[in-house]
Amino acid sequence: MVSSVVEKTSVAHKETALILWFEEVGTHDVGLVGGKNSSLGEMIQQLTNKGVNVPSGFATTAYAYRYFIQEAGLEQKLRDLFTDLDVNDMANLQERGHLARQLILDTPFPQNLQTAIAEAYGAMCERYGQKMGRTGVDVAVRSSATAEDLPEASFAGQQETYLNVHSLSCVLESCHKCFASLFTDRAISYRHHNGFDHFAVALSVGVQKMVRSDLATSGVMFSIDTETGFKNAALITAAYGLGENVVQGAVNPDEYFVFKPTLKEGFKPILEKRLGSKAIKMVYDVGGSKLTKNVEVAEPEREKYCINDEEILQLARWACIIEDHYSGVRGVYTPMDIEWAKDGQTGELFIVQARPETVQSQKSANVIKTYELKDHSQVLATGRSVGAAIGQGKAQVIRNVSQINQFRPGEVLITNRTDPDWEPIMKQASAIVTNQGGKTCHAAIIAREMGIPAIVGCGDATDTIKTGEDVTICCSEGDEGSVYSGILNYEVHETELSNLPRTKTQILMNVGNPEQAFGFASYPADGVGLARLEFIIANHIKAHPLALMKFDELEDPLAKAEIAELTKLYAGDRPRFFVDKLAHGIAMIAAAFYPKPVVVRMSDFKSNEYANLLGGRQFEPKEENPMIGWRGASRYYDPNYREAYALECQALKRVRDEMGLTNVIPMIPFCRTPDEGRKVIAEMAKHGLKQGKNGLEIYVMCELPSNVILADEFSEVFDGFSIGSNDLTQLTLGLDRDSSLVAHLFDERNLGVKRMVKMAIETAKANGRKIGICGQAPSDYPEFAEFLVELGIDSISLNPDSVLKTVLRIAEVEKALG
């Protein structure tokens, strides 16, 4: 401990101490050392015994800053500078900021402050076995404002950070620059914007032992999903080298989601892994003129994840520990924004900063606000969406911060990346688009905080979008955001959840896109009645499972090349690509609604649709009528497909057994006979999905007349039914729903179809089996939903956009029925 090197300051003297060690401060000391340093001290004191590694160090106090300002007589001079400041006048702001910083830099530290810093740095050198000569121990010097990291406002990046500082003279110079950084243009603007008095804020400087992540990796993590506010997932970003590139958005990092509830139970629930380009890394400038420099990352390193699964899980565990601790200290749920680093010399992971998250934690959980784009046009750029909203205006392409005076309020900012110097104009933008950055970069954090839609990591937006052209930025269509040409029509819907009634009938949701699942988690639904695997396979996997299993036998050279590129991380085991991607997609949906039931329908492509997957034509027959051909259950046990179905089973088993998401219920589609059902269940058992084991239930789609007529027999095989009204309608009426010639006859409200539905519900209930519906009918026709409630159906699964209005209608029906 540091106490073996220096004496700890007594409580009585903390208020007037110039230096305090991290071990001496905690969350109650924000006024003394700022949010950043008090948080480091809190973690060192309270969490190291729980296995959380935090590098040690010391802080200059807020008292030291005020003492410096007072001793030098600077306060009145600074006040005079800001008497008639106009923060919206960029030239005025830049001039006043420059004069304020120069005033501080031109004024030397008092001798006793220099001595205090020198003694503390000397003690750190001694602690790490180095002498304080021309060089000493390498440290990070970071500013920490006394108003920083309060939960209501993020001052992230408002002041300066200096890495690889390794001599006393450099430490003193960096501390001086940190003091001056209290008056950077962005900090002045930010305080004004958030209503902070410039002179009520003081500055503390943290001097912390460097973690040698220049030789390894680093990143940012949040103990909450930054986009949707979903509380049960930790988001981790990672890139090579020092962490500044991730924070500033200079690099597109890898991203990982981990599910916190089952992680705490000992499972390994990595929900998603997304590879970033990681083109550059920040390293020590050994022998150079600067402290750090950026170098290119070698191609093989870019094309693999930069931390392994155990490190992902370890970081997520720490995120849980840190969040739980701060929530306990504050007496209210407190999601955290955390910076981490891996030491390349020791292989150890460290937490180097932690602060309360400042956007999602402030939002009302009782209002759902959704944006719907009504038109589409040419797509100019795509990237990661930030904030599920839509913005539009004239594009302003700004390639350098020196050009920000060209920006006008209401324009769409298009740039390479942002850092805190850009903030004075960011708050004036209707939307922000950057070439670089991930979901935790500076542009993303500030855009979220200001409620501005942003798209980051586009790659080439500054080339494909021209200054002056009208654009619409859409972040409401999932994880990928799009920049559209022109001003497009859109609608905004707001729903107050606190007044919604509860219904006896379970209201479930149909969810296909895993990227939207966290956003749907706040809807008033009792789970998922239909999670479609087709979306995941078509959009995330893209290749036919047999094309992955028999890659060397592929005859189509174009498909083979595309699959090779798609699966380059899996060159030695391409089927694992299918299992990983499918498991991640299922897990994202299951986690969003955990522990509520999530019914996952096994793949139900028709043979012509399977053929359209990469490499698929080689493995699929040409059928005259694929709608009623080789689909659903009949494929799963067929010698020509069973090994591909095994991959689906492996993915499902991983989600349930390794991730702990036992709320997943597999459902078999298009099962023509009870005997066919038994064959499929036997096939699943071969791959570890044994009915009844670990609470596993298996449902069947009730979508064929035979499912209804033989419902007693199907009840002996399956644990529940879900009526598929689309197929049941076409097969009851004997028509092809894809044919425009007979489309006018397709109607779920037909008396014959309704009798089928009635018979299915009555037979299932007589056999003690659950029965719901997941077809389109209840979403499209409120009177059909009423019909189902009157029959006593257990659950109705709806499209997300129908949930709210249908809940109200069903509540009325239930009330009328008494």
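Quick reminder: no glycine exception, Cβ is built from N, Cα and C everywhere.
For HIS442 (active site, tele-phosphohistidine intermediate), the count of additional Cβ atoms within 10 Å of its Cβ stands at 25 [all protein chains shown]. Annotated active site, tele-phosphohistidine intermediate per Swiss-Prot: HIS442, in sequence order.
If you look up Swiss-Prot, you'll see CYS774 marked as active site, proton donor, on the strength of similarity to another entry. CYS774 (active site, proton donor) falls outside any helix or strand according to DSSP and counts as coil. Sequence-distant neighbours of CYS774 (active site, proton donor) (same chain, 6+ residues apart, CB-CB distance under 8 A): LEU508, ASN510, GLY529, LEU530, VAL599, SER722, ILE723, GLY724, SER797.
Classification of SER725 (substrate binding site) by DSSP places it within a helix. Summarising the annotation, Swiss-Prot assigns substrate binding site to ARG532, ARG601, GLU703, GLY724, SER725, ASN726, ASP727 and lists similarity to another entry as the type of evidence.
Under 8 Å, Cβ to Cβ, and six or more positions away along its own chain, ASP727 (substrate binding site) finds PHE670, MET701, GLU703, LEU704. Marked as Mg(2+) binding site by Swiss-Prot on the basis of similarity to another entry: GLU703, ASP727.
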DSSP-derived structure type at GLU703 (substrate binding site), helix or strand or else coil: coil
Most Cβ neighbours inside 10 Å, all chains, among the binding-site residues ARG532, ARG601: ARG601
Number of Cβ atoms other than its own within 10 Å, given for GLY724 (substrate binding site): 25
Integer Å distance between the CA atoms belonging to ARG532 (substrate binding site) and HIS442 (active site, tele-phosphohistidine intermediate): 35
Residues ARG532, ARG601, GLU703, GLY724, SER725, ASN726, ASP727 binding substrate per the record - widest CA separation, whole Å: 15
Lowest local Cβ density among GLU703, ASN726, which the record lists as binding-site residues, within 10 Å: ASN726
DSSP state at HIS442 (active site, tele-phosphohistidine intermediate), helix/strand/coil: helix
